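Among the features that Swiss-Prot reports, domain 'ABC transmembrane type-1 1' is placed at 81-365, with the record citing sequence analysis. Sequence annotations record features per position, and here Swiss-Prot assigns topological domain 'Extracellular' to 99-122, 217-222, 320-339, 880-918, 1117-1130 based on similarity to another entry. Here Swiss-Prot flags CYS524, CYS1396 as S-palmitoyl cysteine. For 654-831, the entry in Swiss-Prot reads region 'Disordered R region'. For LYS688, the entry in Swiss-Prot reads ubiquitin cross-link, with the evidence type similarity to another entry. The feature phosphothreonine is assigned by Swiss-Prot to THR717, with similarity to another entry given as support. Swiss-Prot lists 859-1155 with the feature domain 'ABC transmembrane type-1 2'. Residues or ranges marked as N-linked glycosylation site by Swiss-Prot: ASN894, ASN900. Annotated region 'Interaction with GORASP2' per Swiss-Prot: 1387-1481, in sequence order, evidence recorded as similarity to another entry.
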Amino acid sequence: MQRSPLEKASVVSKLFFSWTRPILRKGYRQRLELSDIYQIPSADSADNLSEKLEREWDRELASKKNPKLINALRRCFFWRFMFYGILLYLGEVTKAVQPLLLGRIIASYDPDNKEERSIAIYLGIGLCLLFIVRTLLLHPAIFGLHHIGMQMRIAMFSLIYKKTLKLSSRVLDKISIGQLVSLLSNNLNKFDEGLALAHFVWIVPLQVALLMGLIWELLQASAFCGLGFLIVLALFQAGLGRMMMKYRDQRAGKINERLVITSEMIENIQSVKAYCWEEAMEKMIENLRQTELKLTRKAAYVRYFNSSAFFFSGFFVVFLSVLPYALIKGIVLRKIFTTISFCIVLRMAVTRQFPWAVQTWYDSLGAINKIQDFLQKQEYKTLEYNLTTTEVVMENVTAFWEEGFGELFEKAKQNNSNRKTSNDDDSLFFSNFSLLGTPVLKDINFKIERGQLLAVAGSTGAGKTSLLMMIMGELEPSEGKIKHSGRISFCSQFSWIMPGTIKENIIFGVSYDEYRYRSVIKACQLEEDISKFAEKDNIVLGEGGITLSGGQRARISLARAVYKDADLYLLDSPFGYLDVLTEKEIFESCVCKLMANKTRILVTSKMEHLKKADKILILHEGSSYFYGTFSELQNLRPDFSSKLMGYDSFDQFSAERRNSILTETLRRFSLEGDAPVSWTETKKQSFKQTGEFGEKRKNSILNPINSVRKFSIVQKTPLQMNGIEEDSDEPLERRLSLVPDSEQGEVILPRISVISTGPTLQARRRQSVLNLMTHSVNQGHSIHRKTAASTRKVSLAPQANLTELDIYSRRLSQETGLEISEEINEEDLKECFFDDMESIPAVTTWNTYLRYITVHKSLIFVLIWCLVIFLAEVAASLVVLWFLGNTPPQDKGNSTYSRNNSYAVIITRTSSYYVFYIYVGVADTLLAMGFFRGLPLVHTLITVSKILHHKMLHSVLQAPMSTLNTLKAGGILNRFSKDIAILDDLLPLTIFDFIQLLLIVIGAIAVVAVLQPYIFVATVPVIVAFIMLRAYFLQTSQQLKQLESEGRSPIFTHLVTSLKGLWTLRAFGRQPYFETLFHKALNLHTANWFLYLSTLRWFQMRIEMIFVIFFIAVTFISILTTGEGEGTVGIILTLAMNIMSTLQWAVNSSIDVDSLMRSVSRVFKFIDMPTEEGKPTRSTKPYKNGQLSKVMIIENSHVKKDDIWPSGGQMTVKDLTAKYTEGGNPILENISFSISPGQRVGLLGRTGSGKSTLLSAFLRLLNTEGEIQIDGVSWDSITLQQWRKAFGVIPQKVFIFSGTFRKNLDPYEQWSDQEIWEVADEVGLRSVIEQFPGKLDFVLVDGGCVLSHGHKQLMCLARSVLSKAKILLLDEPSAHLDPVTYQIIRRTLKQAFADCTVILCEHRIEAMLECQQFLVIEENKVRQYDSIQKLLNERSLFRQAISPSDRVKLFPHRNSSKCKSQPQIAALKEETEEEVQDTRL
């Protein structure tokens, strides 16, 4: 970053913001980068501001029982706030003085006041000086208030983040990430823009009093007629506002429903394509969109009338103010034009400034109260540790997670009852789940000495993770004692990867020890994986390690835990995603050898691990089922295997235990998710809700249990979207995932394989947040690239095609040599995304406008209609203006003129009625024309939005995965949320306002030019200067706004990342470290935002200076060239003053339109994406009636055809090569093999070897070369839909969308209820579905959060059974699966798919033994394709993974299955029960 010119700027330069000229000049000539941004002043740094506010808040907490955050803010910012408020007031007062001088100028042209003609020139000079003074007062005041608002936001940002890291887990249970992001974005952003309006709450009453006094002097009592109309108008607008809020609240629920389905579609786009559900999802979303648009139109019409009321109120304010006076005393031009000027100021104050100020205070105080509530929440309590303790002791410990699951079922009950489900089933369902809290752990006792290994086992929901949480202090015991040293290291069950390099993730801010680091890398089997990356361990990992396989993420998380030197290591199921061989090697080399002298607690269900543990603790229903050694376990608990394996399944648990399990499940995922989606409750909820957050959580568009990665989209309403947000989505060559799978691990669909030797990111470092956060934002450093990997620095050289994931990488400090790649990944909120800066121009192109206009043919005619009506309005206006400006000489005899009267009456009493009728007629005409003009425009623009949404949705669903892999899932969702919201809400009204303002200005200039042609000469250079200045500023401002948005993303991403890894972060004691990272992210954003505010104020001042020059020219031309006639001078000067304010408004509106049209550009970019191949590429042999059916014919009870394809399921693969993107490195090379009909093939290979990629290639989800044939039909001879329907798919990443059970099983509604029930019974789902009210019509929300992971897998299995597919693809179906569900899946595979070809990717040896052939994948290629006997006889991975004793028994197991030798199986079961139960139990 460069040193800011502000530091050495003079007072004049600061006053006129001239110090911003270098950045404006540079932005006009070239593309700006973050390195071009100036450093922030030290007073604006997050460290200083947060320390200042935190000190005052602590003082408030210590001194009062009811602390108020507003008091702390007042002590920090009050005096500067009031100083700028007084400047703002003085600037507003000048507006009231200007009409007085205008009246004197008009009066000087009275033929009877010729002696005053000589002072007209001085009055003109005074009038111009007032404009100059107003400019010099208002702009510094507005900028100062924006600056204070920015400082308040920064200070509260920091305070909230620090508090978040301290919150207790029980409080975090009731707070979703969506609520926190809303607190930081929607609420705190009000201070940035709103603080400048806050002072009008007291300025407007004073201004109104002053103006009414001046108007009273002119018109006496009739002045209150105009004020009364304004008050009525303000009340009318308030009523419209309430109506609009009602429509907005109704619409918010519909938007939420649409975004729920859309987000689920995006995060599971691979599954949608694999299931061929594109049309079903499109229809589902479009139906929701139709309902939403009905409410959108109603809200838009109300907003339109509200906006129109302001524009047309000017006629009636003047009319009602002057009418009573004119009827009594006649019309005096001086008074008319002075009153018009007063009314312009009065109208703005009463109808705009005061309501905005009241709304600002309402919003700001509400936000402060929410933040105050949040800051007083219960904090995390660190347990008292004894640092001299060498043992871990737990005595009679009992603990509860607070009840909270009941509210989920209450909502489910309410939501489904609203759908008129049967009430008879409610008791059946809810009686199964007690709503009372039950202990998650009861009376736990154990003691382990230093260096011992304690293995904790148990069935699903037994309390294993809760035990670790209690040791870490996250779960506070209600009874008993816990004793240990406090030096803990922790490895989570679901891997938490911090955006950054592999090295940074493992070191995690701890001092670097080369020998220890290399030892850990080797023990965790990461050497081979790291060696395949071009940058080795310095490769930048993306969102949650999205570029890695699930096994690689798990090993990095384990390596982080092992690298830390601690006394106690807590390992929560660290081997869940590892293949058998890798798991075995890591357990031996890492857990048993490298950590041999450390105390370890390992959560596992592997029998081999239990054998080698010093102590074993088996939990059952939260209680200690057994504690002792393995030999004691065999002797004392002969039934331990059923308890350990969980044969007492979830459905057999007692009601109390079920409630405890489900509560714990929600608790474990609540940090990563929002509350369940309420389909009926749409209103936003405050953080202060009857003392607890959990009562009415904010609607989420994402499910909390579906995964550990969880974000909430904070949907801004039209009233809240005050700013124009610029976003940027940088392409990343990786798997598309909005919510990386936490439970499911590696998905069947695309993922970057570690075998790829090419760069997984197209560019690892771009100058931007990544580099600038390497150093303090307050200090300038020259940064150069250093090639040594261990001390690598970051280059400032611009590199294209890097995502914000990489932008936010950096070290904590130069001195420590530590590097932390900070987070930039997200989505969940509109502020968190941004588009590829290279792909969208800094300024919206004319082509975008032209294309937008031609989207709907009616729009062109509507615009022509607007132009015609505008010409009619101008003609109508000229009638009154001409009449006033060209009044014939009055008749002395009939005139009411008196020489004693100080005011000239030009029009007779009789003719005044004639003027009155003309004025009323013209006003009514203008009002009617204005409404007729605007309504069709707004209606048509919303129709255009509807068309664009439909086209974009269709385009995304039909886009190939090679294209989607280069896009951020969050960016795609942002197009459907923020950009569509802009097209629906902001763009129509903004375009209407701009057109309205532009026509007003053009009309006023035309009238002035007609009345005084010389003025037109002054108008031409003003228009040219305006166009040039706007173009000059826009080129820079849009880039600054984009960089500001890019700088904002790390703030929210850092918050989300910190919350996801909060347990890990606390266990490692890295809170201060992450606070430093957060402050530097804030400082980076502040640098961008401060510069944007400064350049914006520079532009506003220049625009106003141009207007002042224009007004000076108009004033003196009018004074010097006008002869006799008050009317002409009055019209010209009044219109000139009106032009000044309106044109400045129009300029800002034009900039807003240009900014909003960037959303249209982004939508067009998505619409233009390529589509998947949908037609056969060459002719094939016809199957029926001489033609190949467009719809795949699948054998089922409904479709009985003579020719059915596929009939056998034979697959032939020839020279298959797969890539994620065109031109990318091959993930699989020259794969060739064949599978016989009905054969079962197992895929073997290390994690990341490409097994899942091969399954994706079968479905044509990747860029592939070569050929695959099914029953002799080549894949390039039929459509994609036909090809994919030949497969049944059971992916790791379970796809349950928000909808009924029936919709989830049969989205195309092809099957009858009876057939669905038969399949549900076959896969073991019937008992699950029947316990829900409504049964098949029960609406699942939040990714089916009320279902266990096993039940979700059964849903996928049921889909495959219904499809009657002949080829079944299974990718890790047993990952994190309870044994009961696993056994159901095995049984179903044997029965329902007995005649099908099955391709299985699995880590369980037991499941793989049922395969006839095995395909071994190594280094992108097929190494072996043989039977199990040959693999065991040769030196293979499979052989290495199985012990010799196992091998001896496996052959009999295989042979017995062939010759049906039951005695051998029985003997095997009796002799070695534990070997048969070989893997996860």
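The backbone N, Cα and C atoms fix where each Cβ goes, and this holds for glycine too.
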C-beta crowding around CYS524 (S-palmitoyl cysteine), within 10 angstroms: 27
Beyond the flanks of the topological domain 'Extracellular' (217-222) by at least 6 residues, Cβ under 8 Å: 103, 321-325, 335, 338-339
Model confidence over the region 'Interaction with GORASP2' (1387-1481), averaged pLDDT: 61
Under 8 Å by Cβ from CYS1396 (S-palmitoyl cysteine), same chain, sequence gap 6 or more: GLY1209, GLY1238, GLY1288, ALA1365, LYS1366, ILE1367, LEU1368
Helix, strand and coil totals (DSSP H, G, I; E, B; other) for the topological domain 'Extracellular' (320-339): 17 helix, 0 strand, 3 coil
Secondary structure tally of the topological domain 'Extracellular' (217-222) (DSSP, helix then strand then coil): 6 helix, 0 strand, 0 coil
Three-class DSSP secondary structure - CYS1396 (S-palmitoyl cysteine): coil
